[in-house]
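Going by TrEMBL, these are the annotated features:
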- Ser304, Asn336, Leu453, Ser457: Na(+) binding site (BINDING)
- 12-30: transmembrane segment (TRANSMEM)
- 147-167: transmembrane segment (TRANSMEM)
- 221-242: transmembrane segment (TRANSMEM)
- 254-281: transmembrane segment (TRANSMEM)
- 301-318: transmembrane segment (TRANSMEM)
- 330-351: transmembrane segment (TRANSMEM)
- 442-462: transmembrane segment (TRANSMEM)
- 483-502: transmembrane segment (TRANSMEM)
- 514-537: transmembrane segment (TRANSMEM)
- 558-584: transmembrane segment (TRANSMEM)
- 604-628: transmembrane segment (TRANSMEM)
Amino acid sequence: MKPAPKVSQGAFLIPYLIALVLEGIPIFYIELAIGQRLRRGSIGVWTAISPYLGGAPQGAAALSAGSAGKPVERQMLAQLREGPHGHEHDAPPSVQGPHVGWRGTSSRRPWGRQGAGVGCWVSGALWPGSGGGAECRLSAGLGCLTVSFLVSLYYNTVLTWVLWYLLNSFQYPLPWSSCPLDLNRTGFEAECQASSTVSYFWYRQTLNITADISDNGSIQWRLLACLAASWAVVYLCVIRGIESTGKAIYFTALFPYLVLTIFLIRGLTLPGAVKGLIYLFTPDVQVLQNPRVWLDAATQIFFSLSLALGGHIAFASYNPPRNNCEKDTVTIALVNSMTSLYASIAVFSVLGFKAANDHGRCLDRNALHLINEFDFPDQSISRGDYAAVLAHLNATQPERVARLPLEACRLEDFLDKSASGTGLAFIVFTEAILHMPGAPGWAVLFFSMLFTLGLSSMFGNMESIITPLLDMGVTHRFFPKEALTGLVCLLCFLLAICFTLQSGNYWLEVFDSYAAPLNLIIFAFLEVVGVTYVYGMHRFGDDIAGMTGRRPGLFWRVTWKVVSPLLLLSIFVAYVAVLAWTPLSYRAWDTQYARFPSRQEKSYPGWVQATCVLLCFLPSLWVPAVALGQLLAKRRWKQDTWQDRCPKLQDRGAS
């Protein structure tokens with residue numbers, strides 16, 4: 001659920017495409033190629049390249065489900081191709097053959113639960129008898145669990161909100177279409193009248209949000225019930241592993257395409273849709289002069305392609321050894337971008353319709369002020385005539401016009417007000433749906449699409465939790481996997497209750513903003529450097545030639561060796577600088593704020609800032625932790641070997 005950048009979308013496309021070519025596609029190619037060549041998951045791949053890199057994928061693999069906003073087709077390609085996640089013995093015969101969209105798994109080398117993991121076997125081969133295999137496997141599992149567990153806590157909370165809105169969509173009129181009556185039943189709620197109906201339903205009737213993150217408030221029981229229902233649905237879908245998720249994924253992956261197409265057809269027929277599309281594709285050159293736009297584009301590419309998350313390596317390990325992974329890289333990247341563009345057209349056509357409606361109502365309010373001030377006949381100033389009438393009055397009676405509380409009604413301003421993140425789904429788009437004929441039906445379609453998208457992402461997220469637990473052997477082999485899955489879902493549900501507090505939305509923003517971006521940059525840099533300089537460019541080129549029939553071209557070699565590492569290093573430095581120079585703050589919904597309904601900018605308390613910093617670096621800490629563990633294991637092995645030899649030497653000397 002990465003928030004969309006708050007800049008002109010046309011301007012954002014330019015740096016985004018540049019980042020896609022120089023950063024996204026080259027890293028994507030590395031992940032597909034190295035996974036297909038070594039035929040292991042991310043843990044085994046990077047530990048095989050170097051035991052000291054064993055911590056990189058462990059932190060990254062668990063982040064794969066945190067990209068709640070990932071495009072629809074990427075979920076479909078990934079989920080339909082998804083194999084048994086290394087546990088081939090868990091998959092039923094019906095799914096052990098070729099998967100939809102995949103080329104088969106018969107030659108796939110299992111990298112799962114059979115004794116020590118493959119990556120740990122590499123460590124054991126380096127230092128036999130050191131016990132490094134078990135330690136490596138434990139580090140890998142803990143690394144996966146750390147981020148994946150945190151992501152699952154807050155990500156399923158978003159599904160909770162979606163489910164709440166979906167249930168409320170089965171009524172007419174929609175509950176966010178009008179303000180409720182106050183306690184005296186003599187008027188409407190003041191908070192609703194001061195803001196808007198959709199904002200009031202979101203902040204007060206759904207979240208019942210507090211005015212400060214330090215004020216936890218009470219549990220919202222309606223959200224708690226929806227949270228329990230969401231976790232119950234997730235559990236039922238993943239209870240049998242790939243056997244159950246494989247059946248559900250056909251619907252959860254294809255249904256969003258159908259809904260997007262319906263919204264696109266309807267959106268293009270709405271008034272103002274063309275204005276929204278013009279706004280989407282018109283770049284603002286001045287915006288490109290802002291370095292933050294380029295930084296946002298460079299980081300957004302990680303969420304768009306799910307880079308440095310470990311999932312692509314695992315999926316590629318199911319490919320036949322001679323599969324053309326270069327062709328897959330370019331094809332999937334283009335399909336991903338085209339689907340993102342397809343979804344953007346559908347969204348901005350509806351947002352253009354909303355902006356046109358808001359612009360028209362703004363003109364109506366100003367026209368009413370002019371009619372009342374100058375005693376014009378009712379409805380004598382139409383929207384089309386307003387500009388001419390205002391210009392005439394400004395020329396003849398500027399003093400009287402200056403005293404009127406006229407608003408600046410510019411269509412571009414209303415297009416610029418499109419929110420990001422949860423605000424786009426629960427405020428902007430819900431308000432746009434209100435103005436569409438048959439609003440409840442459109443609301444049901446929209447929130448059903450969001451729920452299926454989130455549900456398909458949770459499938460992979462839960463596998464990234466269950467699989468390390470099985471690999472580490474935390475349960476007896478006779479302990480059923482269904483019971484372990486149930487225990488994990490129950491624990492996640494209990495810990496996620498904190499997000500149903502009145503301050504839960506603030507904490508979800510903390511997790512969403514600081515848990516993934518910086519770690520993804522670090523993991524991607526380690527991937528490129530690990531393959532290019534540790535594994536070796538010449539060796540990697542030989543591997544690609546063996547798989548595709550030709551060595552990588554000049555473009556790939558230059559980007560892997562020079563462009564991508566320097567770009568990632570620059571992004572890392574810039575991102576850390578932005579974090580250091582930008583105050584850690586949040587926007588609070590406070591009815592006592594002087595500029596309400598604008599959200600008040602507040603600084604995080606010290607203890608919350610410490611939490612933000614911890615989330616920024618916690619997954620990455622597994623890299624030095626695993627490296628340190630390998631060094632200690634190697635030293636211990638040398639000491640044990642020397643101690644074993646010393647008695648033999650003493651015995652020889654005595655004899």
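Glycine is no exception: its Cβ is also placed from the backbone N, Cα and C atoms.
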>> Counting across all protein chains present, how many other Cβ atoms fall within 10 Å of the Cβ of Asn336 (Na(+) binding site)?
In response: 22
> By Cβ distance under 8 Å, which residues at least 6 away from the ends of the transmembrane segment (12-30) in the same chain are close to it?
Replying inline: 5, 281, 283, 287-288, 293-294, 296-298, 300-302, 304-305, 307-308, 312, 325-326, 329-330, 332-333, 337, 524, 527-528, 531, 556, 559-560, 563-564, 567-568
> Do the transmembrane segment (221-242) and the transmembrane segment (442-462) come close, with at least three CB pairs under 8 A (pairs 6 or more apart in sequence)?
Replying inline: yes
>> I'd like to know which of the binding-site residues Ser304, Ser457 has the most other Cβ atoms within 10 Å of its Cβ.
In response: Ser457
> What number of additional C-beta atoms lies within 10 angstroms of the C-beta atom of Leu453 (Na(+) binding site)?
Replying inline: 23
> Can you name the far-off residues of the same chain, 6+ from the ends of the transmembrane segment (254-281), with a Cβ under 8 Å from a Cβ of it?
Replying inline: 8-10, 13, 72-73, 75-76, 342-357, 359, 411-412, 415, 436, 442, 445-446, 448-449, 452-453
> Sequence-remote contacts (6 or more beyond its ends) of the transmembrane segment (558-584), Cβ cut-off under 8 Å?
Replying inline: 19, 22-23, 26-27, 30, 291-292, 295, 298-299, 517-518, 521-522, 524-525, 528-529, 531-532, 537, 552, 603-604, 608-609, 612, 616
